[in-house]
Amino acid sequence: MEFVTNYTLEELKKRFTELGLEPYRAKQVFRWVYKKFVTDFEKMTDLGKKHRELLKEHFAFHPLEKLDRVEAPDAVKYLFKTKDGHILETVLIKERDHYTLCVSSQIGCAVGCTFCATALDGLKRNLSTAEIIDQYLQVQQDLGEEKIRNVVFMGMGEPLANYENVRKAVEIMVSPEGLDLSKRRITISTSGIVAQIKRMAQDPVMKEVNLAVSLNAVSQKKREELMPLTKTNTLEELMEVLKNYPLPKYRRITLEYVLIKGVNDSPNDAERLAKLIGRHKKKFKVNLIPFNPDPNLPYERPALTDIMKFQKVLWKYGISNFVRFSKGVEVFGACGQLRTQRLQLQRV
């Protein structure tokens, strides 16, 4: 069985033609799925019965099964199961005047960040385009009349290690015939795969979305301890490619910095971060993320006073920054936590 959501519009037109259907039928199906969020061929009233029966023989819509939905005042965490039995998570974040969806791009992760619950179980596989898009569709269907405005690839996995499937998902998200989201409303968060960031810079689809980079340390040694990936993607190489990254007008690259007590949260660390950014401060903004405690990880969140001291140093150098406390702490909202809890229960 194929999934409609694995195809761009042009790909679906070609596939429909192979099945003996007129190409414009693909546009009709796209309209039902991405404008009305209808995922049942029987409800697509502008398709004849013969066409609906043919499509039902070949296509389905949902590669994911919703296992759980856990709600907190500021977020809703969803657990999904894939057809081959893997568990992934998605978080709907309630902002003041809109909703942001945090999607996963892989089952587990190979980057191995020592402060991340997703890394505990290793990488199982990439998610397909359909599995990425289905996270959006099922959450939007659950949401009803209110609409998801922003999408951030900040869930499980390294998006740039699943480049082709993530790219196609982004293409569907920004297509006028697809979800028609603004490119300014989509963010790709990466641990810093230098070659793939260079690829993004040359990609007509990907270079238009927002780029966020998980930095987390201001020295190569410390970054290697926290993020093993950096052994082959050095801090020096990363900052060089970021400083030369072509940005759309009025955009900045977000440097994500998880603050961990006694590890990377001192005023001296902040001074070194400011020095790392140097004269390129108008190109970057810093997202300070206090570590979200996890019983499976050996780290602690810094005191609020230490967080404020760190922030004050960055302001001193004129570096735009903000503190983001994890949404959904009550529902194990940090990356991988609810999934890890579920997997542990399954093993008991």
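Every residue gets a Cβ built from N, Cα and C, even glycine.
Residues or ranges marked as active site, proton acceptor in Swiss-Prot (evidence: sequence analysis): Glu89. In this structure, Glu89 (active site, proton acceptor) is part of a beta strand by DSSP. The 10 Å shell around the Cβ of Glu89 (active site, proton acceptor) contains 28 further Cβ atoms across the protein chains shown.
According to Swiss-Prot, the feature active site, S-methylcysteine intermediate maps to Cys335.
According to Swiss-Prot, the [4Fe-4S] cluster binding site annotation covers Cys109, Cys113, Cys116. The DSSP secondary structure for Cys109 ([4Fe-4S] cluster binding site) is coil. Counting every protein chain shown, the number of other Cβ atoms lying within 10 Å of the Cβ of Cys109 ([4Fe-4S] cluster binding site) is 27.
Positions annotated as S-adenosyl-L-methionine binding site by Swiss-Prot: Gly157, Glu158, Ser189, Ser214, Leu215, Asn216, Asn292. Listed in sequence order, Ser105, Gln106, Cys109, Ala110, Val111, Thr190, Ser191, Ile193, Leu229 are the same-chain residues at least 6 apart in sequence whose CB falls under 8 Å from the CB of Glu158 (S-adenosyl-L-methionine binding site).
The disulfide bond annotation in Swiss-Prot covers Cys102-Cys335 and rests on sequence analysis. With a 10 A radius on its CB, Cys102 (disulfide bond) counts 25 other CB atoms from all the protein chains.
Per Swiss-Prot, the feature domain 'Radical SAM core' maps to 95-330; the stated evidence is sequence analysis. The average pLDDT computed for the domain 'Radical SAM core' (95-330) is 95.
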Cβ-Cβ neighbours of Ser214 (S-adenosyl-L-methionine binding site) (radius 10 Å): 25
For the binding-site residues Cys113, Cys116, Leu215, the one whose C-beta sees the most other C-beta atoms within 10 angstroms: Leu215
For S-adenosyl-L-methionine: widest Cα to Cα gap among Gly157, Glu158, Ser189, Ser214, Leu215, Asn216, Asn292 in Å: 19
Top Cα neighbour of Glu89 (active site, proton acceptor) in the set of binding-site residues Ser214, Asn216, Asn292: Asn292
Nearest recorded site to Cys102 (disulfide bond) by CA-CA distance, among binding-site residues Cys113, Cys116, Gly157, Leu215: Gly157
CB contacts for Gly157 (S-adenosyl-L-methionine binding site) [other CB atoms within 10 A, all chains]: 29
Spatial neighbour of Cys113 ([4Fe-4S] cluster binding site) that is closest, considering only the binding-site residues Ser189, Asn216, Asn292 and their CA atoms: Asn216
